[in-house]
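Per TrEMBL, the features are as follows:
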{"type": "SIGNAL", "residues": "1-18", "note": "signal peptide"}
{"type": "REGION", "residues": "131-334", "note": "region 'Disordered'"}
{"type": "DOMAIN", "residues": "418-662", "note": "domain 'GOST seven transmembrane'"}
{"type": "TRANSMEM", "residues": "421-442", "note": "transmembrane segment"}
{"type": "TRANSMEM", "residues": "454-476", "note": "transmembrane segment"}
{"type": "TRANSMEM", "residues": "488-514", "note": "transmembrane segment"}
{"type": "TRANSMEM", "residues": "526-544", "note": "transmembrane segment"}
{"type": "TRANSMEM", "residues": "556-578", "note": "transmembrane segment"}
{"type": "TRANSMEM", "residues": "606-632", "note": "transmembrane segment"}
{"type": "TRANSMEM", "residues": "638-655", "note": "transmembrane segment"}
Amino acid sequence: MACLTLLLLPLLLTLNEARIHRLSLSNETRSVVHLNTFGYFANGTLEVNLTSLYLTQISKTNFSTNPVGFSLARSHVNGVLSYTAEETEKCTLLKTRSDDTLILFIIDPLTLSVQVKSFHEEDSILMADQKKEVKETRKKRDLDSGHTKDKAGENKDSTNKGEEKMVEDKTTKTKDAAGQELKDLEDKEKLKEEKDDEDKKDQKKQKDLEDKEKLKEEKDDEDKKDQKEQKDLEDKEKLKEEKDDEDKKDQKKQKDLEDKEKLKEEKDDEDKKDQKKQKDLEDKEKLKEEKDDEDKKDQKKQKDLEDKEKLKEEKDDEDKKDQKEQKEEKIEEHKKSITEFLSKKGKNINGMKLTLFKFKDSYNFTFHITMGAEDQGLYSLNFHNCYNMKPGIFSPYSLSVHITEKNPAGFLSAAEIPLPRLYICMAAMFLTAAIVWTSTLLKHRYSVFKIHWLMASLAYIKAVSLVFHSINYHFINTEGRPIEGWAVMYYITHLLKGALLFITLALIGTGFAFVKYILSDKEKKIFMIVIPLQVLANVAYIIIEETEEASSEYVLWREILFLVDLICCGAILFPVVWSIRHLQEASTTDGKAAMNLEKLKLFRHYYVMIVCYIYFTRIIAILLKVAVPFQWQWCQEFLIEVSTLVFFVLTGFKFQPASNNPYLQLPQDEEDLEMDEVVTESGALEGISKVKKTSNGRERQRDPAL
């Protein structure tokens, strides 16, 4: 199970960036796309950047009756109920009234504008780009209507308009000529730059060749000098040898007298040779030092050249960047000349016309909303294409939008802000309960079974999972997205916790390791069903957490999680019911009915505990989330965690290891063994053994009963 999670996480973590949403839909045919639901406090902000919108059949579509755009509606419910409460027959963008706060952004590709409609908007602020041409055209219309009274004034206006047209024609011509001259200058500058680059490359190549030739010549001169020195040394040595031969001949004649002189001369010769060797060594060292100095100088020159080239390249890059910045500034100035950034508050938002930009076949615009104190609440952001609401008509479109939602305290929704502290506090409580349970097991070592340690591991994993969950929400609140490492650790521990929970509950319900040591065929089938379903449920949970609400897969995986979770909750009740039936049969057939009745009561209590746990965590929690205000919806998570803690504590109390616990009393004679045969009698009688107990309560020996 953990391996499956590790394989899926790298893919899933790339799908969503938490409260900073980046959504891309292609060939979409849904008439309504639910983008997100978020709870805003006062001064909370919503920024929507529609980066690209591709529409088909624009010429055939009547956008007055089949509009396209966004809706931001305040709602009092969340989850599945919010969708069923909406009107599905009529398009939201065509509404003329609303009972609650509603803002509509209706896109008109034909006029390149976005019309804003608002209902019950009190003190929120909308900031966006608005066209300037609207005001200028209104002024011209007012001037024209004011001058229609005087005939002479009309003649003057006509002559003035003719002159203005001539001036405009001249200005357009001069602008075109200036534009052509600028283009010619840019082309010439590009050609000059290319020529300069080629000349620089040729100069570099020539310099490199010259440097190589100089180095070769210097090396040849040095080799010649070395050869001359070697020849001189050889000539000197030859002359010395000849002289020595002559001296030897003379010495033979005058041996007695010349012995002393020979010794002196030999000593002198040796001294001279030593001096010559030393001089030769010194000369070689000097040559080496000179070569090293020359190499260092060459390296310095090369470094200087490289530094100069780098500086030139950096200057060129800076020049290019400056040119790009200038171009971008010109584009922005052009946009500013067309549009102006306006902000309106409250009821003044109604009737605004925003600028819709067009690039090739895609449309884009942005808007920013700051929520006021009276407009705070839970809002749903949707995208509508009313043309696709007609039966049998599918007009595909592509959408790419960036959404940033934020509250004054961080990127978490109003109902999620207390969750990091809630999870860390509950983790401390689960850890305390796990430590107390571990100490209890260590005190009663001789009455402890393996399932007791499984219960302890479940409590520890639950505490660690809550710690990672709290850390994950902390980073979402501060940075707007989760850290992948912490998210992976949370999902792994969450998967292990879910699997261990249902396995432990099923084992306790069957009485495995407490009353019997063999599972029946029916009980084995329960485990074969519950374990794969738990893996599927955890995979569905991870996909829901890591995908956008607007994706088509989100609703499917949410329904799968809801269905699988209900199946698992129902499946763990079957072993408890079977055990209760077996104990009822054993209490009527066995002589020791008292002990069986005590076990029967314990199983009935355990059954009621499981039903209450499922009821509180699956039904009451959802009803609580719908009933409370938006800022108190975190109480749903509080109820789930507290119910889980109470269930863990009660289960541990009921099945704690103790010698007087009726559930943990194993049979001591053959009559008790017959009752165990009834409990395990569901198709698996082979292997049933008789257990003999020692004084400490643990089994010592087993003898086959059959």
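Backbone N, Cα and C define each Cβ position, glycine as well.
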Problem - Whether the transmembrane segment (454-476) meets the transmembrane segment (421-442): three or more C-beta pairs under 8 angstroms - result: yes
Practice task
Answer with yes or no whether the transmembrane segment (526-544) touches the transmembrane segment (638-655) by the criterion of at least three Cβ pairs under 8 A, sequence separation 6 or more.
Solution key: no
Practice task
Sort out the residues at least 6 away from either end of the transmembrane segment (421-442), same chain, that have Cβ-Cβ distances under 8 Å to it, and list them.
Solution key: 448, 452-453, 455-456, 459-460, 462-464, 466-467, 469-470, 473, 634, 637-638, 641-642, 645, 648-649, 652, 656-657
